[in-house]
2 protein chains.
Amino acid sequence: MKACGLVVEYNPFHYGHQYHLKQAKEKTNADCVIAVMSGNFLQRGEPAIMDKYSRAKAAILGGVDLVIELPYVYAVQYSDYFAKGAIDILYHSGVNSICFGSESGNINSFSDAYLLKKQHHDQYEAHVKTYLNEGYAYPDAATKAYQSIFGISSILDMSKPNNILGLSYVQAIKDSQYPIKPITIKRIQNNYHDTAITGNIASATSIRKEVLKNPSASETAAETMPATTLDILKSYKYEAGCWHDWELYFPFLKYRVETMTLTELQQIEGIIEGLEHRIARTASEASSFQEWMTALKTKRYTWTRLQRIFVHILTNKKKEENMLANNIGYMRVLAMNKTGQAYLNQQKKQTELPFITKINQIQHPFLQTEERAAKAFYSVLPGSKHRKFFLQEIKSPIIIK
Amino acid sequence: MKACGLVVEYNPFHYGHQYHLKQAKEKTNADCVIAVMSGNFLQRGEPAIMDKYSRAKAAILGGVDLVIELPYVYAVQYSDYFAKGAIDILYHSGVNSICFGSESGNINSFSDAYLLKKQHHDQYEAHVKTYLNEGYAYPDAATKAYQSIFGISSILDMSKPNNILGLSYVQAIKDSQYPIKPITIKRIQNNYHDTAITGNIASATSIRKEVLKNPSASETAAETMPATTLDILKSYKYEAGCWHDWELYFPFLKYRVETMTLTELQQIEGIIEGLEHRIARTASEASSFQEWMTALKTKRYTWTRLQRIFVHILTNKKKEENMLANNIGYMRVLAMNKTGQAYLNQQKKQTELPFITKINQIQHPFLQTEERAAKAFYSVLPGSKHRKFFLQEIKSPIIIK
C-alpha cells in the first residue's frame, strides 16, 4: 500500500482540509492518507477547541485513513522543530510522499529555496544573527534573513506562513535524506489569520471564532465544515461543558505563575533573558489572558512565542525535558478507518519503531510530558469529567468501520 | 503599658473569643491585648473563611487592641512549631502574659506536665518513637506517649486538643526562658470539632458550617457572633464573591498535582515516605476535595496532617524554605485600635526586631512564602478582584479609632 502523509492540526477538520485531502490523494495515488496531528495544544501556543480524540474522529469521518499524534514536545514549537518531529513520524510510518498546502503552490520553489539556503549557509546564519541582535524573535529573524539575501518573491515568498512551514518540511526531508516525495498544493483559502468567514473554505482561526461566538454553531460555520465535524463539536460541548479557549485557562495560569519562584519559572521552556521577571511582574496586574498578553508583547516576544511559553508554564514543561530524549521513539495512533487499520497491520511488520496507542504502553519521556499536557488540558472541566476524558489516553484508539 | 498576648485564628471572631478576651483582661490587668493571628491558612490546614485583613478588623471591632500576623511558616504546622512561632512573636512584642483557653483551666497542671515531661525526657522520646513506628502521626504519637507514661487524667488530659496546644505554649515559654506569665481559662464552649451550634458560645467549626450552609447568614449564626463580625462576613462575600472553602480550591489543587513531577511533589513540605506516589495516584480519581481526602486518610496520615500538606502543595511551600530562616525577623501588624497604636509607639523604641506592616517593607524569606500564600488564597476569586485584595498586603494596616 502506498501512503501519503499530511501534517495537520484540524482545529477542527473543515472543508478546506477535505479539499486538501482529496488533492493529496489524486496527486499521489496513495491508498492511505496518514495525518500527523497536534495533540491538545497547538503550534501557535493555544489549547485546541476540543480534545485530540474528538478532532481525530472528525478527521477520519472526513476521509483521513490514519491519525497519528504529533507529540507535545514537537507540536508546541517553532516551525523547524515542529516540522522535524512531524516528518520523522511520517518517515517511520512508511509514507512515500507528503503533501502540504502553501501560498506558493510550486514544489520546485521549495527545493530551490532549500538549495539556495544551503549554498549561502554562512551568509544566512550571519544575517539571522544580526536580526536576532536587533531584537527579532527567531522565526522572524530567519524570515528577514532569507528575504534580505534572496529577495521577497525571487524564489519563495517567505513572508507567508505556509511557505515558511513548507520549507521546514522540505528541509526536514532533505536534511535526513528520507525517501519521501514532497508535494505542495496551492492554498485557496483565506489568510491564516483572517477572522471573517468569507467562503466555504475558511481558515481555522475564523471558524473557531465563529463557532465560539455562537454556541449553537451558526449557519455560516455549518457551511464551512462537514456535518460530522459539527456534530462532534456539539457533542463535545455537551459532554465536556466547554470548548477550550485560553481565557478558560487564565485562572490556572495566573495561579501557577503567582505560586512559582523565579528560579522555577526560569526552568520552563522558552523562558530566557530574564523573561521570568516580566511574566511574574505582569501576572498580578492582568485580569484576563488577553490583557496579560498585551502587557507582555514586544518585537522580540511575539504573540505566538509568548503563547507557547504560556502553554509550557501551564503544562510545567521544563527545558531539561528536551534533553531526556533526542528522537521520536514511537508512533501513537489516535484514530483510523479500515484502510488505516490494514495499512497499520502491514507496516507493523517492517517498522523500526513501535506503533502504540495507549499512553502507558511503553516508557518514553515524551509520553510523560504528554500525560501532564493532557491533564492540564482537561483541568478546566468539572471535577467529575476529568477522569472520563483522561481515560481515553489509556483506551484503544478510535476505529471507524 | 502592660500587654497580654493571645494566640488565635478568629475564623471568624465570635462571642467565645470575646468572652476569652474579657477574661484575659480581667485576669492580667493588661492595658493592651495583642492577638497573634494565623494568616489566610489555618493550623488545621484549611483556608480561612475570609482573608486575614477582614478577620483582623473583626477582632479589633470585637475588642482586641493589636493584631499581629502569625507567619504562614508557623501557622500551618503541628502544635509545637505553631506555638513556638506565636510565643516568639509575643515575646518580641513585649507581652507580660499570655492567656490561652484549655479544657483543663488550671495553669499549674501545665507547669507540672511540662516538668514531668522534662524529667522523663528519654522515656517519653522512646515511647514517641514506638508509636511513630506503629504508624501514628507525630502529634498522636506524642499524645499517646504522654498518656501511657503519666496516665490520662493524672495531671493534664492530653486527649484534649486545647490542652495539647496549651502545653506547647507553656513549653515554648519555658524552653526559651521568656519572662512571660502563662494564664489559662477554662473553655466553656463546645468540643473543637462539634458541628452543631448549641449555644451562643459556639466552636469555630460549627459557626463556619452554619454560615457556609446559609449564605444570608442564619439567625442561629447571628446569635453566636457580634454584629460587626457578621457585617464583615457579608461584606467580604459581597466584595470577593465567595467565602473560602477547600472545595473552591479543589480544581487548582488537582491541576497542580497533575502537572507536577513526582520529584517536585517530593520537595513539598510534609511529603515523606513516598506519599507523593499516593497523592499523584489518587488525584485523577477524585472529583472533589472530600473524596480525595477520604481516599488518602490513614492512621499515619490524619485528616489534619493531609490538609496541611495540601495547603503546602497549593502554596508551593517546599521543605528547603524552612532552612532559609530559623527565627522570626519581624512582627507584622495587620490591624489595631488607638490603644494598640499607643502600645506600638512605646514598644517600637525598645524592641530588637522591627514591627512592619507591608509585605515589601523588608526582605525576609518568610515574607516570600507569605506572598505566595496570599496569591494562592485569592486565586479562587474572579481575575479582576485578585489585585484589589492582594494590594492590601502592601497597604498600611487597618486602624480603627
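Placed from the backbone N, Cα and C atoms, the Cβ positions cover glycine too.
What TrEMBL records for this protein:
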BINDING   B:7-20, B:G101, B:N162, B:187-188  ATP binding site
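Shown on the structure are the features that TrEMBL records.
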residue	record	Cβ neighbours (10 Å)
B:V7	ATP binding site	26
B:Y10	ATP binding site	25
B:F13	ATP binding site	32
B:G16	ATP binding site	22
B:Y19	ATP binding site	17
B:N162	ATP binding site	20
